[in-house]
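Worksheet: the structure to be examined is printed underneath.
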Amino acid sequence: MNQGKIITVSGPLVVASGMQEANIQDICRVGHLGLVGEIIEMRRDQASIQVYEETSGIGPGEPVVTTGCPLSVELGPGLISEMFDGIQRPLDRFQKATDSDFLIRGVAIPSLDRKAKWAFIPKLSVGQEVVAGDILGTVQETAVIEHRIMVPYKVSGTLVAIHAGDFTVTDTVYEIKQEDGSIYQGSLMQTWPVRQSRPVAQKLIPVEPLVTGQRVIDTFFPVTKGGAAAVPGPFGAGKTVVQHQIAKFANVDIVIYVGCGERGNEMTDVLNEFPELIDPNTGQSIMERTVLIANTSNMPVAAREASIYTGITIAEYFRDMGYSVAIMADSTSRWAEALREMSGRLQEMPGDEGYPAYLGSRIAEYYERAGRVRTLGSQEREGTITAIGAVSPPGGDISEPVTQNTLRIVKVFWGLDAPLAQRRHFPAINWLTSYSLYQDDVGSYIDRKQQSNWSNKVTRAMAILQREASLEEIVRLVGLDSLSEQDRLTMAVARQIREDYLQQNAFDSVDTFTSFPKQEAMLTNILTFNEEASKALSLGAYFNEIMEGTAQVRDRIARSKFIPEENLEQIKGFTQKVTKEIHHVLAKGGI
């Protein structure tokens, strides 16, 4: 432990002297109040400390004491359904302990509840050899999540004691005799430094799609379990709603939602909505698989920088148990602004638009911790982390540094479009500018699993939308009537795809989530209409005759998004009705 004294205070940055025995990334207690801070720069005996709490009232001469430990998170039962701040202080228990609706400075509360007891069920027996990552036993944390207690990193040997029963997170539950003869006494909890990624046995190629229930994403721009995606867009385009929708309905085991520097009301929405929503995959409340990290815009700036790392470390812990995890960061731009503020106060040489020169490497560090892995341990298991980051470029300009550095790393770009949002087309993901580099892998995976021709249907639908974009210029100049019959059909089908398929109402109880079989049935109906109508045109039918003759069935196709999942056969039946109606037009003599 090293004690120095403050010589400078500049907002969240404190400089202390007499710190020659301290190390970079050490956690310190700053001032008489004991504020939490982290050393981010050392110059001779002077340490620059990033303080994670409000520094007003702190002055030169006050003491600074190092703990000798890096910023770490507590990992164990009690994480799920909890809401933490950026440095893993539990907000619910913080409020009860301080009897205040505001974050009282200098209050230290353990992240995991020390009084709660958890029923531990051993899976191994005394005498067995264990290595780091082995699952010793389980705790049923919620109705959905079985918390697997693992041997900590760098611990291996013979299991000499293991106890069943109810324990707190600090009670000794097992003992391991290590190779050097020492006895390691383990509890249900372990700690891990947030800036260091948890080790894995092997990184694997992600192939399984993450089904989000959002048609534009699952169809045209899918992300895999273990992939990384970015959602850039201007203000009001719907970034947060897209993030909320994925957090609610993605087919993952656990969701970590990091509210980083955004509005407090958005976290309030999450707290109000999530407990009432039922996960379509498990039938339980969505909160039973969710961890919330709230670092809103009115909370200390420095803690924004830590909140992203806190979230990804918790995600890695659950991944190591063999779970698939999705982490939502809303928004990485606010995190980058926190980096810029600290860099400016440190008087570092600025890069593009004032951001630090190391912005790209920090963003890469975060997204590279996502992926599909084979975990440590003698038991074979795989886990995944899917990282989805919202980016808020000022004025929607995606050429700014945060967006560009993010796009260099992630493989999926869901570009939100202000004109689409103004036309009330939500999700406002622009199908002409967005992309997914997982499209081919996911298409092949689905074709193989479903024994269907899904990838071909997606290609045909996208070709229709691209053809519409090229025809729009002509339509604006000379009008729709100047187009050929075939091109008018293309415009009509493209409108169907846009309005009846891609547009989705997040606030409608049925339309908010669409399962993959329903998506395929809906898209098949639209493409069948295009195919049959195109054949009818080639046989001499008139475009207007086809549109009038199929008006009723097209209306049913448009309404199929509001048909519940259990009536899927009804949607599939529209395919035959489309063919029948067009054949009826031909038989009637629409030539």
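Keep in mind that glycine also has a Cβ here, set from the backbone N, Cα and C atoms.
Feature list (source: Swiss-Prot):
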- Gly233, Pro234, Phe235, Gly236, Ala237, Gly238, Lys239, Thr240: ATP binding site (BINDING)
Counting all other Cβ atoms within 10 Å across every protein chain shown, which of the binding-site residues Gly233, Gly236, Gly238 scores highest? Gly233
Sequence gap of 6 or more, C-beta under 8 Å: which same-chain residues meet both conditions with respect to Ala237 (ATP binding site)? Gly396, Leu416, Asp417, Ala418, Leu420, Ala421, Ala428
For Lys239 (ATP binding site), which of the three DSSP-derived states applies: helix, strand, or coil? helix
Same-chain residues at least 6 apart in sequence whose Cβ lies under 8 Å from Thr240 (ATP binding site): Glu262, Glu266, Asp330, Ala390
Restricting to the same chain and to sequence separations of six or more, state which residues have a Cβ under 8 Å from that of Lys239 (ATP binding site). Val231, Pro232, Gly233, Asp330, Ser331, Ala390, Val391, Ser392, Leu416
Name the residues of the same chain, 6+ apart in sequence, whose Cβ is under 8 Å from the Cβ of Pro234 (ATP binding site)? Pro393, Gly395, Gly396, Leu416, Ala418
Restricting to the chain of Phe235 (ATP binding site) and a gap of 6 or more, list residues whose Cβ falls under 8 Å of its Cβ, or answer none. Ser392, Gly396
What other residues of the same chain, not counting Gly233, Pro234, Phe235, Gly236, Ala237, Gly238, Lys239, Thr240, have a CB atom within 8 A of the CB centroid of the ATP site? Ser392, Leu416, Ala418, Ala421, Ala428
